[in-house]
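Novice: Submitted below is the structure of interest, expressed as structure tokens.
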Amino acid sequence: MTELVGLTVMFFVVLLFLRAASHKALDFLQFQGFVADYQLLPQALVVPISVSLVVVEIAIVVMLVSGFYWQAALFLASSLLLLYGIAIGWNVRRGRRQIECGCGGIPQQLSYRLVLRNLCLALLVLVPVATLGADTASGFLLVPMCASVLLMMTYLLFEQVANNAVAAKLPSA
């Protein structure tokens, strides 16, 4: 049973990072703007760091799907989610909440809710490391794939509900 949970979470991570990477890559100029808006990097580093983030997210997906270095991919995914959470939290603390997070998908402004979400995701990503053996390949099983799709749909639903709640509080123009 724990192996099933681990594989389900692993496939969820694949879907999560596939969604995030494709969103960033398909509108790369917009993503660069989001990275610049955080004002954490010198302007000269915005493009190379933006490229690096997309490449790392794609590498995580490839490593997990192929089964090669899947544990390293999960630690990398967790670290990246924590890094994103720190960047979000840093800007929220500075009062810079009017920034689009650039997370992929539904537009969301920075908030401590996003920091908490990233912390929870960073911990969830490590579940397969604790539940799967080192020799486990990511052999795609139908049940974990379906369960991870359901988990992703639930995640997207919560993202939309949160976005709607924020939109409902905004004054109409």
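Cβ coordinates come from backbone N, Cα and C, glycine included.
In case it helps, TrEMBL gives these features for our protein:
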DOMAIN    5-129  domain 'Methylamine utilisation protein MauE'
TRANSMEM  44-65  transmembrane segment
TRANSMEM  72-90  transmembrane segment
TRANSMEM  110-132  transmembrane segment
TRANSMEM  139-158  transmembrane segment
Novice: State the non-local partners of the transmembrane segment (44-65) in its own chain: residues 6+ outside its ends, Cβ under 8 Å from one of its Cβ atoms.
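Specialist: Distant contacts of the transmembrane segment (44-65): 10, 13-14, 17-18, 20-21, 24-25, 28, 31-32, 35-36, 72-74, 76-77, 80, 138.
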Novice: Which bits of the chain, at least 6 residues beyond where the transmembrane segment (110-132) starts or stops, bring a Cβ under 8 A of a Cβ in it?
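Specialist: Sequence-remote neighbours of the transmembrane segment (110-132) are 2-3, 5-7, 9-10, 12-13, 16, 70-71, 74-75, 77-79, 81-82, 84-85, 88-89, 91-92, 96-99, 101, 103, 162.
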